[in-house]
Amino acid sequence: MNLHEYQAKQLFARYGMPAPTGYACTTPREAEEAASKIGAGPWVVKCQVHAGGRGKAGGVKLVNSKEDIRAFAEQWLGKKLVTYQTDVHGQPVHQILVEAATDIDKELYLGAVIDRSSRRVVFMASTEGGVEIEKVAEETPELIHKVALDPLTGPQPYQGRELAFKLGLTGKQVAQFTKIFMGLATLFLERDLAMVEINPLVITKQGDLVCLDGKLGADGNALFRQPELREMRDKSQEDEREAQAAQWELNYVALDGNIGCMVNGAGLAMGTMDIVKLHGGEPANFLDVGGGATKERVTEAFKIILSDDKVKAVFVNIFGGIVRCDLIADGIIGAVEEVGVNVPVVVRLEGNNAELGAKKLADSGLNIIAATSLTDAAQQVVAAVGAK
């Protein structure tokens, strides 16, 4: 679950990390009043969406008058911002952040993620702030400096100083950076975050460090113990189908193809998408119904898949381990009857009671194609889309 920049900065302030004075506003009048609270300009106004690339898309602007602030708010509030990180429809803008402008001398990067290989929280710092860290990692990886947090001792000030020295910081900047590092690490651990970025972390012309931007991603599996973060969730920034799937504990990710995929197991789901592409098709989604593929969950999965107008056929790929394939077949038949599926449905069942399940599908009289193998299923669903 992602947070907006203004929400990230609110948390930064509570953990002792410096950020520009700013206010999130929902109306042009609020935006003008925010500028008055901040004081003399210039100011920076920013669209609040869960996507990068806002500046290049016109969603971030330096302004010198309250009239310009009002004009920016009127231009964007209630509209959608399209960036290179959004789809063609963009993300809705419901708030803009009005901040005091900062005199920037240099831009740095500071971020943290969970490194699955080392099973540690790893902090990354670089002198190449203000650009995508992925690009830096690809082109000049030697410019990214890392430290890993020991899960027993937690973050240590010496680790912050180590990164500060590698960034070329001196004097008071070392102490300031160490304070930011410790605050960010504590925030990461206490709030069950999955990712945090300050990009850029700037050095002002007065020689001070300021968190100019902030991006936080919370671990969705830990939200049950983070009530404050749950309240910060902005569902308008999420794909409606993905949000609906989450309510049923279905793992759904929308893609750009026209073959809907319903699979039990994340690995099998990825393999299913691969074999669809191998035979010339394009998956419309990733959907993992998990181990408990009940009739109710299968029905909801069909509803979610078919809510995408691009879907011309559905590929159901189920491996019956503990779950019996004949019961899965009953669920598929019931779901197709309830939802009223009007596109071809190709089903491949393998494992526990697979033959009985395939017979039930064949005897149902519905527009369900029972495949004999994974390859056969992929070929049939691609052919079905081509026939349409």
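Any Cβ shown, glycine's included, is placed from N, Cα and C.
What Swiss-Prot records for this protein:
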| type | residues | note |
| --- | --- | --- |
| BINDING | LYS46, GLY53, ARG54, GLY55, GLU99, THR102, GLU107 | ATP binding site |
| BINDING | ASN199, ASP213 | Mg(2+) binding site |
| BINDING | ASN264, GLY321, ILE322, VAL323 | substrate binding site |
| DOMAIN | 9-244 | domain 'ATP-grasp' |
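Of all Cα pairs drawn from ASN264, GLY321, ILE322, VAL323, which the record names as binding substrate, the longest spans 12 Å.
Largest Cα to Cα distance within the recorded ATP binders LYS46, GLY53, ARG54, GLY55, GLU99, THR102, GLU107: about 20 Å as a whole number. Cα separation, ASP213 (Mg(2+) binding site) to THR102 (ATP binding site), rounded: 11 Å. Here the domain 'ATP-grasp' (9-244) returns a mean pLDDT of 94 for the predicted model. DSSP assigns GLY53 (ATP binding site) to coil, not to a helix or a strand. Cα of ASN264 (substrate binding site) to Cα of GLY53 (ATP binding site): a span of 35 Å. DSSP assigns ASP213 (Mg(2+) binding site) to coil in the three-state reduction, outside any helix or strand.
Note on proximity: of the binding-site residues ASN199, GLY321, VAL323, the one nearest GLY55 (ATP binding site) is ASN199, by Cα distance. Least packed by the Cβ count within 10 Å, out of the binding-site residues ILE322, VAL323, is ILE322. DSSP classifies VAL323 (substrate binding site) as coil under the three-state reduction.
For the binding-site residues GLY53, THR102, GLU107, GLY321, ILE322, VAL323, a Cα-Cα cutoff of 10 angstroms around ASN199 (Mg(2+) binding site) retains GLU107. Within 10 Å of the C-beta of GLU107 (ATP binding site) there are 18 other C-beta atoms, taking all protein chains into account. DSSP assigns GLU107 (ATP binding site) to a strand.
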